[in-house]
Ligand code: 5GP
């Protein structure tokens with residue numbers, strides 16, 4: 001047994017220090033980023049926020065709404081081949097730049113992926129997603145997927161440490177998804193004791209990825225636009241959101257009415273709800289590692305998107321970053337023992 005004594009930080013442990021700025025208005029801030037990916041050599045331009053590949057977030061409807069703002073959706077993995085074909089036959093031109101097809105690492109997953117991709121050659125992004133990105137089987141799956149699809153952009157995760165980011169990039173991934181345990185409906189830290197505070201995970205993994213020319217996605221733990229800004233400030237190239245995009249018309253999940261108030265169901269992809277829905281129950285040898293909650297219904301996602309983008313633009317003006325790309329260079333985090341004043345919060 002070993003103990004690492006240097007403290008690891010989460011979003012709640014820091015704030016961003018304001019800096020002198022010549023920017024007059026938030027409207028001057030450009031949130032677009034352009035990336036060239038390490039292994040596929042593809043390029044991408046857009047606002048680097050991603051809807052999570054959860055079936056109560058990353059739906060086809062969400063992708064259509066977010067694409068209007070050049071925001072990306074990792075589509076959840078439970079759509080059938082027929083549903084994919086139907087969606088892509090109707091979606092507007094350019095959608096392939098703003099969606100990823102998600103897959104697990106089982107033989108059936110690989111078969112379905114091959115089928116969808118063979119029938120929809122314009123799909124560009126593959127998101128290989130497992131709860132624990134530290135297994136040899138996962139690394140082999142990433143390598144095989146790269147060999148099969150040399151031109152596709154491969155997202156792989158989740159991991160939280162630099163050495164595994166490097167291993168996945170060297171195995172053929174382009175973008176590494178970072179986060180174990182911070183998610184709003186995740187219970188991994190409670191069930192297993194495993195995890196890594198998200199801000200430190202971003203800082204360390206971004207450093208490793210950027211050293212090799214790769215990118216990272218900060219996945220999980222953002223509860224406010226300020227957290228999204230902190231994730232970018234820490235060095236995330238993309239920020240993936242689950243709970244912040246749940247509860248909308250486009251989010252999927254059941255609409256529930258209770259005493260005249262509306263809610264939407266939102267659940268973790270390893271929750272008992274998800275496992276019952278998709279694989280017929282929780283297998284005996286495992287525990288569910290996700291919650292099922294009801295979140296207040298919030299109408300169309302556009303208002304939430306504007307709130308998030310407005311918040312990040314404002315962060316950029318506070319530190320004098322005219323482009324999102326400059327935010328991390330202009331970020332100094334201060335360690336804090338307080339966040340917002342909650343006196344009037346319910
Ligand atoms: P959020 O933005 O809601 O804080 O986090 C979203 C992320 O939580 C997802 O992208 C995914 O990485 C993670 N997640 C989703 N469902 C589960 C689950 O059931 N268990 C765990 N451990 N993580 C989950």
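Numbering starts at 1 and runs along the chain as it is shown here.
Even glycines carry a Cβ here, placed using N, Cα and C.
Over in TrEMBL, the protein carries these features:
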- 9-338: domain 'IMP dehydrogenase/GMP reductase' (DOMAIN)
- 108-131, 216-239: NADP(+) binding site (BINDING)
- 181, 183: K(+) binding site (BINDING)
- 186: active site, thioimidate intermediate (ACT_SITE)
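Taking the features listed in TrEMBL, we show where each one sits on the structure.
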{"residue": "108", "record": "NADP(+) binding site", "Cβ contacts under 8 Å, 6 or more apart": "none"}
{"residue": "114", "record": "NADP(+) binding site", "Cβ contacts under 8 Å, 6 or more apart": "148"}
{"residue": "120", "record": "NADP(+) binding site", "Cβ contacts under 8 Å, 6 or more apart": "84, 85, 88"}
{"residue": "126", "record": "NADP(+) binding site", "Cβ contacts under 8 Å, 6 or more apart": "100, 101, 102, 103, 113, 117, 145, 149, 152, 153, 154, 155"}
{"residue": "181", "record": "K(+) binding site", "Cβ contacts under 8 Å, 6 or more apart": "188, 189, 194, 195, 196, 220"}
{"residue": "186", "record": "active site, thioimidate intermediate", "Cβ contacts under 8 Å, 6 or more apart": "220, 268, 270, 289, 290, 291"}
{"residue": "216", "record": "NADP(+) binding site", "Cβ contacts under 8 Å, 6 or more apart": "165, 175, 176, 177, 178, 202, 205, 206, 209, 235, 236, 237, 238"}
{"residue": "222", "record": "NADP(+) binding site", "Cβ contacts under 8 Å, 6 or more apart": "11, 228, 231, 239, 241, 244"}
{"residue": "234", "record": "NADP(+) binding site", "Cβ contacts under 8 Å, 6 or more apart": "199, 202, 203, 206, 218, 328, 331, 333"}
Which residues, sitting 6 or more apart from residue 183 (K(+) binding site) on the same chain, put a CB under 8 Å from its CB? 219, 220, 221, 242, 243, 268
Of 114, 120, 126, 183, 186, 234, recorded positions neighbouring ligand 1, Cβ under 6 A: 183, 186
Translate the DSSP assignment of residue 222 (NADP(+) binding site) into the three-state scheme. coil
State the three-class DSSP label for residue 120 (NADP(+) binding site), counting H, G and I as helix, E and B as strand, and everything else as coil. coil
